[in-house]
Amino acid sequence: MERQRRLVVGISGATGIAYGVRALELARKAGVETHLVVTPAGQQTRAYETDLSARDLAAMADVAYRPADVGAAIASGSFPTGGMLVAPCSVRTLSAIAYANNDNLLTRAADVTLKERRRLVLLVRETPLTLGHLRAMTAATESGAVVMPPVPAFYLRPASVDDLVDHTVGRALDLFGIDVPDLPRWGEQPTSR
Ligand SMILES: Cc1cc2nc3c(=O)[nH]c(=O)nc-3n(C[C@H](O)[C@H](O)[C@H](O)COP(=O)(O)O)c2cc1C
């Protein structure tokens, strides 16, 4: 598998697991091989926010790993990937990534992504923000991560929650050069102004 056609997806325990689920769906549609790791708190939000079982979620990826499996392929820089998306990214996981606290496979894979100078995109989801959250975002950015809170845009007149999720996930996948066909984009849509 060509390196650019392989994406690591991390799902942590912030609300908004729909972002991670949709990223897996769209990456698969685009022919990208996905490697998934979900934290225990991510499994909790899956149960609260979706009808998917843990097995259903794992089946949406090409390879799914246990978070305790710190010896998995994605824990090594020698395993080539096109980068990693953490969607959603909790403040706990953000902080662990920002300070290289590689306490599980998700945070280890993220640190590997940074040390190999590959693309790491964090859909950090918390509000309001403390100075500590902002400092962790700064530290992650200084290490090369792209901090991308899933903040919806309204200029394309979303008609549903799915539209909002698709737009954010499409923009996140843009950062990896993964094309999402039919993603509404400013300047390519007829607008009623
Ligand atoms: C339903 C639910 C929603 C949560 N939403 C958020 C959130 O939006 N942002 C956040 O940082 N933590 C949120 N948390 C708390 C995290 O799950 C918690 O800090 C956990 O330790 C994160 O672990 P992880 O980073 O290993 O996934 C939420 C927890 C639950 C159960």
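A Cβ is built for glycine as well, from the same backbone N, Cα and C atoms used for every other residue.
The FMN binding site annotation in TrEMBL covers G13, A14, T15, T39, S90, V91, R92, T93, R125. The dimethylallyl phosphate binding site annotation in TrEMBL covers Y155, R171. Under the heading domain 'Flavoprotein', TrEMBL lists 6-175.
Location within the structure of each feature annotated in TrEMBL.
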residue : record                               : CB count, 10 Å
G13     : FMN binding site                     : 21
T15     : FMN binding site                     : 13
S90     : FMN binding site                     : 23
R92     : FMN binding site                     : 18
R125    : FMN binding site                     : 20
Y155    : dimethylallyl phosphate binding site : 10
R171    : dimethylallyl phosphate binding site : 16
CB < 6 Å to ligand 1, subset of binding-site residues G13, T15, S90, Y155, R171, seq order -> G13, T15, S90
Among the binding-site residues listed as G13, R92, R125, the Cα nearest the Cα of R171 (dimethylallyl phosphate binding site) belongs to R125
Smallest Cα-Cα separation from Y155 (dimethylallyl phosphate binding site) among the binding-site residues G13, T15, S90 is shown by T15
